[in-house]
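Chemist: Submitted below is the structure of interest, expressed as structure tokens.
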Amino acid sequence: MALEKSLVLLPLLVLALLVLGWIQPSLGKESRAMKFQRQHMDPGSSSSSSSTYCNQMMRRRNMTNGWCKPVNTFVHEPLVDVQAICFQENVTCKNGQTNCYKSNSTMHITDCRLTGSSKYPNCAYRTSQKERRIIVACEGSPYVPVHFDASVEDST
């Protein structure tokens with residue numbers, strides 16, 4: 001009797017484990033919109049004048065795990081203002097896609113560039129504060145930024 005119950009429950013247990021195995025990885029996967037926020041948004045701070053800002057932020061935001069990300073830009077504006085860019089001037093992305101948008105106004109940003117002598121795991125970055133219009137790629141529903149494409153001088 002107990003053996004019969006075990007034989008019935010075993011396939012159900014195996015099925016449950018298989019389903020969890022397929023579902024679980026997608027539960028922990030970071031969406032493109034969340035990755036954009038992690039890698040590029042720092043609205044709580046003004047563009048820091050500290051020369052160590054990029055070194056600290058690149059580590060804190062997990063962009064130096066396994067390699068040194070060569071270039072990254074942090075945006076020091078409210079998230080809603082950056083999300084609004086998705087409904088501003090449509091421009092062609094660097095890769096030729098047509099889902100990029102340029103901000104109507106300049107934004108406070110910090111550019112982080114890997115120094116020439118820097119090697120993993122000792123990633124060292126040069127910090128540059130700028131006021132630039134930014135270009136982001138947008139997708140999804142809701143339509144939100146998923147990629148930082150460029151920053152450009154204000155031409156007005």
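Just so it is clear, glycine is given a Cβ too, placed from its N, Cα and C backbone atoms.
Not measured: the values here are computed from a predicted model.
Grabbed the feature section from Swiss-Prot, which reads as follows:
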ACT_SITE  His40  active site, proton acceptor
ACT_SITE  His147  active site, proton donor
BINDING   Lys35, Arg38, Lys69, Pro70, Val71, Asn72, Thr73, Lys94, Arg113  substrate binding site
DISULFID  Cys54-Cys112  disulfide bond
DISULFID  Cys68-Cys123  disulfide bond
DISULFID  Cys86-Cys138  disulfide bond
DISULFID  Cys93-Cys100  disulfide bond
CARBOHYD  Asn62  N-linked glycosylation site
CARBOHYD  Asn90  N-linked glycosylation site
CARBOHYD  Asn104  N-linked glycosylation site
SIGNAL    1-28  signal peptide
Chemist: For Cys93 (disulfide bond), identify the closest of the recorded positions Lys35, Val71, Arg113, His147, judging by Cα separation.
Modeler: His147
Chemist: Using a 10 Å cut-off, grab the number of neighbouring Cβ atoms around the Cβ of Cys86 (disulfide bond), all chains included.
Modeler: 20
Chemist: Of all the recorded positions given, namely Val71, Asn104, Cys123, which is spatially nearest to Cys112 (disulfide bond) at the Cα level?
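Modeler: The answer is Val71.
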Chemist: For the substrate site as recorded (Lys35, Arg38, Lys69, Pro70, Val71, Asn72, Thr73, Lys94, Arg113), determine the largest distance between any two Cα atoms, in Å, rounded to the nearest integer.
Modeler: 22
Chemist: Looking at the recorded positions Lys69, His147, which sits with the largest number of other Cβ atoms within 10 Å of its Cβ?
Modeler: His147
Chemist: Whole-number Å only: compute the distance from the Cα of Lys69 (substrate binding site) to the Cα of Cys123 (disulfide bond).
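Modeler: About 8 Å separate the Cα atoms of these two residues.
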